Structures are given as structure tokens and as C-alpha cells.
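Record features (Swiss-Prot):
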BINDING   Gly49, Gly50, Arg71, Asn163  substrate binding site
SITE      Lys14  site 'Transition state stabilizer'
SITE      Lys222  site 'Transition state stabilizer'
Amino acid sequence: MTMKATMTTPLVLKLGGALLQNETALEQLFTALSEYKSTCTSLILVHGGGCFVDDLLAKMNIESEKKNGLRITPASDIGYITGAYVGTANKVLMAQGIKLGFNVVGLTLADGGISTVTLSTAGLGAVGECEAGDPTLLTALLSGGFLPIISSIGIDAQGLLLNVNADQAATAICETLDADLVMLSDVAGILDADMQLIAEMNSHYADELIMAGVIHGGMEVKVKAALKAAASLNRDIKLASWKVPERLVALLNGEAEGSKVSS
């Protein structure tokens, strides 16, 4: 099943990479979203904020490490990361939305139980695994014409703040709402060993490229999250770049841009 992009099917747009620190690109993105909203009113943004975290930790002379594409988050750092995601990154996006006339609401994964977050067992510190939650709050906000902007910070049942990978968070929000998903990043989509765009990807092909080391690190996390969403939602997921603003509306409307991931 392909992306439907209708007035009734929500679209979750995951934002990442250097986009969050590029004011011109953000303005172009929200301009495209304004046009898109005329044909599809139910839109949700999900974001991380790794670029802001890297800058903040560097200024504090704190080294940041990753394991298999996921940020290791010591408990002593979770306050800084929460501030970067929920504070800086979220409010930068809200500011652009307000500037372009959107009625925005900034959220975390904990608000209204929109997702269920548990402590990861992968030895990453204060990092959470994210699953679908209660759609009530998001459904009410979308019905009221609001644009939810969700940062990938969660809280588990014990009240612990947890850093959640934004690709995984976006997948969980899609499952909560039975929504379409587009992941925007710095690259055109999934690339092969020759750095050429792969137009279509499925789980078998992904496993081959992961085993060969072609897909690794952050892209491996992204592809696995997209495959999970494609399987659970029974629809295609798109991975594409934010760097071609003139094609963003076409992408959001389901036209052939970037890489299409199917189960």
C-alpha cells in the first residue's frame, strides 16, 4: 500500500540532520508545508536535535559517543540532551511554524501518553525504546487545526527522562495514529555502495546491505525504523532529503522522490 496523503490520513514528518540549524531551509520547508496543508490537514512533525546536543556538549568539553548509530546517553547528560531537544530544537521549529502562520504545539513523547517509552537494554545509558501509545491528545490537536511538533524525549513508568532515537519515535507516532511517514535527512535517501540512490528497499535487500556494511550507523537505525513502520502499517515509507525545497510538496503528496521502503 502506498502513501495516501489525504484529508483523513495523518502524515508524520520526521526532521533531522543539519536542517534544524539551517534557517533558510527551515523557512522553505514550512512554506512547502503551508501549501501541503491545503490538501492534507493532519500533519505532525517529529524531531531529535543531535546537532544541538553535539554543539552543547562540545562547549562543555563533554565527549559524545555512539553505538550502532545510537547516541550513548549517560544519566549525567540527560538533562543537557533534554534541554537541547525539548528546549532549543523544539522551539526553533515552533518559531518557524509561527512565522509561517501555523498554530503550533510543542510536545514530548510523554505528553498525553502519545507513546510508551521503556529503558533500552542495549547498554546505552538513559536511552529509551518507543512504542505506540494513546492517540487521544494528538487526535484532538489535529481536529482543532494544530500542528504538533514532537521532540524525541520520553519518560518511562518510573519517571526517568530518556533519550529516544527520533526515527524510532516517528515510527511509534505513526503506529499510534495509523499515519503515513516521511523521513527527511541530509541525504537523498538510501544509498548503495557506489553512493547512488536506491529507489526501492525491502527487508531482504536491507539485510543484504547491512551485512555488507553498506548500510550502517545512523542510516541502519533509520532503515530499520522505516521497515518496522512499513510492516506494522502495511504501507510504504519514504526516506528523502530536505535539500530540494522545490520538490517537497510533491514528495509529501506521495510522488516518486527519495527511497521507498516497503515490508
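Each residue, glycine too, has its Cβ placed from N, Cα and C.
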* To do: Write out the long-range same-chain contacts of Gly50 (substrate binding site), meaning residues 6 or more apart in sequence whose Cβ is under 8 Å from its Cβ.
  => Gly16, Arg71
* Structure fact -> Around the Cβ of Asn163 (substrate binding site), other Cβ atoms found within 10 Å total 29
* Compute all pairwise C-alpha distances among Gly49, Gly50, Arg71, Asn163, the residues listed as binding substrate, and give the largest one in whole angstrom. => 11
* Asked: Using a Cβ-Cβ cut-off under 8 angstroms and a sequence gap of six or more, which residues of the chain neighbour Lys14 (site 'Transition state stabilizer')?
  -> Leu45, Val46, His47, Ala166, Asp167, Ala169, Ala170, Leu181, Val182, Met183, Leu184
* Asked: Near the Cβ of Lys222 (site 'Transition state stabilizer'), how many other Cβ atoms are there if near means within 10 Å?
  -> 27
* Which three-state DSSP class does Gly50 (substrate binding site) fall into? -> helix
* Structure fact -> CB neighbours within 10 A of Gly49 (substrate binding site), counting all protein chains shown, number 30
